[in-house]
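**Q** Straight out of Swiss-Prot:
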{"type": "COMPBIAS", "residues": "181-202", "note": "compositional bias 'Polar residues'"}
{"type": "DOMAIN", "residues": "237-295", "note": "domain 'bZIP'"}
{"type": "REGION", "residues": "181-205", "note": "region 'Disordered'"}
{"type": "REGION", "residues": "262-271", "note": "region 'Leucine-zipper'"}
Amino acid sequence: MLMQIKMDNHPFNFQPILASHSMTRDSTKPKKMTDTAFVPSPPVGFIKEENKADLHTISVVASNVTLPQIQLPKIATLEEPGYESRTGSLTDLSGRRNSVNIGALCEDVPNTAGPHIARPVTINNLIPPSLPRLNTYQLRPQLSDTHLNCHFNSNPYTTASHAPFESSYTTASTFTSQPAASYFPSNSTPATRKNSATTNLPSEERRRVSVSLSEQVFNEGERYNNDGQLIGKTGKPLRNTKRAAQNRSAQKAFRQRREKYIKNLEEKSKLFDGLMKENSELKKMIESLKSKLKE
């Protein structure tokens with residue numbers, strides 16, 4: 001059967017209209033298949049121009065079935081609070097935290113324009129009152145002020161300990177906007193940072209660290225400049241690498257072996273000189289004795 005369904009923008013106005021068309025035939029009589037069997041019968045003809053359905057008319061071929069009634073929930077728009085676009089930007093964070101629009105939580109609110117339409121339920125006071133209601137633009141001045149106060153204070157931990165607790169939200173944009181150098185004072189160096197770190201230690205630990213920093217091991221045969229850097233024969237600072245340290249230790253061992261060998265040679269030379277002197281004296285004595293025997 002041909003059924004036309006007309007809707008007036010609401011699912012309650014389903015008005016099925018039945019078109020008479022015989023769907024039965026006598027099964028006892030055989031039906032011959034001819035060329036005209038494939039031609040549609042006149043009752044199923046096309047809709048005339050004056051009877052053509054408008055945009056809200058749907059033509060379907062189905063049995064006499066009543067379509068179910070569907071209630072569509074209201075969809076959140078840009079004007080409603082708590083709307084989040086695809087890019088992730090929030091139009092109103094305070095409305096988003098204080099209200100929840102869920103399609104499953106709906107209540108039937110009467111509408112003057114038509115029957116009941118399911119609308120989303122607004123649930124308030126879901127966030128504890130202790131949390132501040134700040135948006136992204138109100139957070140940036142607070143972060144910038146805290147970073148500026150860090151420059152005027154040598155010990156940044158004192159201001160943080162005495163400052164009142166204010167919870168805030170940090171986004172990726174505000175976190176990356178502050179450079180890493182802004183967390184340290186402008187006049188800070190690695191040496192000053194190390195000294196400031198030692199001031200927070202106990203007295204015993206501070207004394208041990210100061211002794212370990214002040215003590216410098218000077219090996220024999222090594223020279224250091226005013227900055228405490230190891231220098232070579234030319235006065236240039238030596239490279240502080242593992243390979244260079246191995247080379248310096250090998251050269252030092254070679255110098256020690258050479259000095260020891262030289263000392264041994266000097267002792268042997270002195271002994272040889274004494275023996276030569278004694279030998280010459282003995283020769284003189286032998287010659288004198290020979291001369292006496294001849295006389």
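Every residue gets a Cβ built from N, Cα and C, even glycine.
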**Q** Roughly where does the region 'Leucine-zipper' (262-271) sit in mean pLDDT, to the nearest integer?
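**A** Summing pLDDT over the region 'Leucine-zipper' (262-271) and dividing by its length gives 94.
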**Q** Mind checking how the domain 'bZIP' (237-295) divides into helix, strand and coil residues in DSSP?
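**A** Output for the domain 'bZIP' (237-295) reads 53 helix, 1 strand, 5 coil.
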